[in-house]
2 protein chains.
Amino acid sequence: MVNIAVLGYGTVGSGVVEVVNTNGSRISQRIGDELNIKYVLDLKDFPGDPVQEKIVHDFETIIEDEEVQIVVEVMGGIEPAYTFVKRSLQAGKSVATSNKALVAKHGAELLSIAKEQNINFLFEASVGGGIPIIRPLNSSLTADEIEEITGILNGTTNYMLTRMFYEGADYEDVLKEAQEKGYAERNPEADVEGYDACRKIAILSSLISGQQVDFEDIYCEGITQITAEDMKYAKGMGMTIKLLASSKRYAGNRLHAIVAPFLLKADHPLYHVDGVFNSIFVHGNVLGDAMFYGSGAGKLPTASAVVADVVDAAKHLNRNIMTMWKEEKLRLEEKAGAKRRFFVRIKGEEESLLPAIQDSFGDVEVVRAEGLDGEFGFITPVMMEGDYEVRARLYREQILHMIRVEG
Amino acid sequence: MVNIAVLGYGTVGSGVVEVVNTNGSRISQRIGDELNIKYVLDLKDFPGDPVQEKIVHDFETIIEDEEVQIVVEVMGGIEPAYTFVKRSLQAGKSVATSNKALVAKHGAELLSIAKEQNINFLFEASVGGGIPIIRPLNSSLTADEIEEITGILNGTTNYMLTRMFYEGADYEDVLKEAQEKGYAERNPEADVEGYDACRKIAILSSLISGQQVDFEDIYCEGITQITAEDMKYAKGMGMTIKLLASSKRYAGNRLHAIVAPFLLKADHPLYHVDGVFNSIFVHGNVLGDAMFYGSGAGKLPTASAVVADVVDAAKHLNRNIMTMWKEEKLRLEEKAGAKRRFFVRIKGEEESLLPAIQDSFGDVEVVRAEGLDGEFGFITPVMMEGDYEVRARLYREQILHMIRVEG
């Protein structure tokens, strides 16, 4: 029998219990041994819930029980999760977690403890919810240099942008609707400012580079400035706007990482990813393009990924699955050096402004949106962010909004 | 040092050599040991090619060399591939193969030999080319009951249907074009009759059921009967036609498997998979929907998957990665019991035929395509294939074509 303890009986924790109850016999068959949830750690009691008999309030019960071989951490936040996970690993218990904040900050250290102990620290659910992406990166895409990983990694903002695209709705209205449906929290900052996506792309960047990428170093711009007018321009150009979290390799191990709204053409694999779904596009130097799509959040999809990690941990009880992620920090490339095109909305008349704009930005493509008078848009040729910024300063008074263009 | 031998220096074999040469240092880092191609088996010599010094003509050289720990089989076909692979496994050498015919026919037996020997038989490249699907099914989607796996598993036919969709072209014209571009072979039967996709869905069905699914038992219909007129109807309904290979779980371990052209709505994740790309949609009972997308064929993407298997084999040299696929045969459900809707093109006038059709098929939805006179189409309600067939017999003279509707 393989005994596990679940830390936290919230949404994901109760999902983990449900998945084990629902698919227990198939899961045990895959492990080759019976899987048993011995403890569930929570501050609260759950009278009437069948889980009540497993509930403990003190982590010491779990850490001291040598029968517990795998700890599932689904509490979220840095503390006490970090302390509990670290102590579990040091005590020789493998850990599966869905906690992106913990993984982004302490992933390298926790992996190295797991390696020393010849056990495992697994975190498939921390990025992309139920979508298998961490394990494919670690054990399937191993013949490639990953040159790009670009994802729609936040379901809340993708739901909002999808509504804005199809209904021409305003940001404030779709936010309210998302909150009413429970897709967005009352304080939606972590989602709409891009912080959630930023932690996830930091984790993916660390994995493809093998070094620590700090999320604080990644330029992060949310969707709060995206308007119905921006989306109107996008549609007029046969494009849409998506919040992308992206990491691209330049020469060697140099990465450009960014979280920001991007204009995407209809032939981009991420263009059609609608609603709360997540999707991760990967380009390998020999594989070419690949994409992984699915539910990026939600109780059962996330629990599915956590329990899959438990199965993997149970199949590798005394054997470390090597994951390359050193604590040594990777210095990201400056945003100013990233090359791309920029879509700019500008106040004023095309006739009077265009000659100067062409002088500054080169051969721009002028874009009009129906019903938007007294303004126009243009797309620059490919240029460095730094060069764009210098030139944009000249039009500080006239520029209404700038959105980056992907591809 | 980990020594490997490559059987066959054709397209995939030369791709494997190229991938190892290109990404060798990263690959060795992931293995934790240096990867060395010691032999390449081929009937021919390759004077001037750097591979010439590794070329051997006799398999005995490889099987007798105890330094060879992993054998890569990329010859294709059943014999001599089957004999070589079986002997390699029996001699304690792990095998990675891209050979779908071999895996579909002998997968269960070869896996069981690998298990006895405590080594590995891996075949990621046999389905979906470079797309990671076999390993995700085996080691990522392990908390789920997989209730459906439906894929676009053949790039040639998907390229052809894509051209027919966007250009309104005829089947014969796009086949000729695909042959000129090298996407279709001179004898295109294996692709256009669905045989290639059928072997792949047989492999996937075996993996999700854990039992042998013979491809001969799967109903298989190719795209040779699809016309420009069919596609016109599809577009008019906001749908497209794709060659799907699908396996769906009914109660318990009962599977319905089929390869056939299907009408797909625009909101289906596979609708947007265009050109030579492949994509595999998976529905798990807790995961929900997921999709894996990428290059389903081609020298380097396929080689990328083969070499990833080599890396996995090298990391598990004396340890079997459990794969559930018993030799015991799974009896597939009868096609007659599958439930779905059917699109039917019928010769004649709606006014005179519709009352009888409604009598037979129930509340059908009539469909018209611009410029197609003297015929009309209708979509049936959801019904069993068997019931459809009985009713369709009454209209044998009038039915021009039937295409199944997915979802």
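Each Cβ is built from the backbone N, Cα and C atoms, and glycine gets one as well.
Fair warning: this is a prediction, and the values are worked out from it, not measured in the lab.
Among the features that TrEMBL reports, NADP(+) binding site is placed at A:LEU7, A:GLY8, A:TYR9, A:GLY10, A:THR11, A:VAL12, A:GLY13, A:SER14. The local packing around A:GLY13 (NADP(+) binding site), expressed as other Cβ atoms within 10 Å of its Cβ over all shown chains, amounts to 25.
For A:8-124, the entry in TrEMBL reads domain 'Aspartate/homoserine dehydrogenase NAD-binding'. Taking DSSP states H, G and I as helix and E and B as strand, the domain 'Aspartate/homoserine dehydrogenase NAD-binding' (A:8-124) has 61 helix, 21 strand, 35 coil.
The annotation NADPH binding site is assigned in TrEMBL to A:LYS100. Same-chain residues at least 6 positions away in sequence with a Cβ under 8 Å from that of A:LYS100 (NADPH binding site) are, in sequence order, A:SER126, A:VAL127, A:ASP196, A:ARG199, A:LYS200, A:ILE203.
Feature annotation from TrEMBL assigns domain 'Homoserine dehydrogenase catalytic' to A:132-311.
Per TrEMBL, L-homoserine binding site is recorded for A:GLU185. The C-beta environment of A:GLU185 (L-homoserine binding site), restricted to residues of the same chain at least 6 apart in sequence and closer than 8 Å, consists of A:GLN179, A:ASP191.
Here TrEMBL flags A:LYS200 as active site, proton donor.
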Tally every other Cβ atom lying within 10 Å of the Cβ atom of A:SER14 (NADP(+) binding site).
21
Integer average pLDDT (0 to 100) for the domain 'Homoserine dehydrogenase catalytic' (A:132-311):
96
Those binding-site residues listed as A:GLY8, A:GLY10, and which of them has the most Cβ atoms within 10 Å of its own Cβ:
A:GLY8
Rank the binding-site residues A:LEU7, A:THR11 by how many other Cβ atoms lie within 10 Å of each Cβ and give me the one with the fewest.
A:THR11
Using the Cβ center of A:LEU7, A:GLY8, A:TYR9, A:GLY10, A:THR11, A:VAL12, A:GLY13, A:SER14 as the NADP(+) site position, which other residues in that chain lie within 8 Å, going by their Cβ?
A:VAL6, A:GLY15, A:VAL16, A:ASP42, A:VAL74, A:MET75
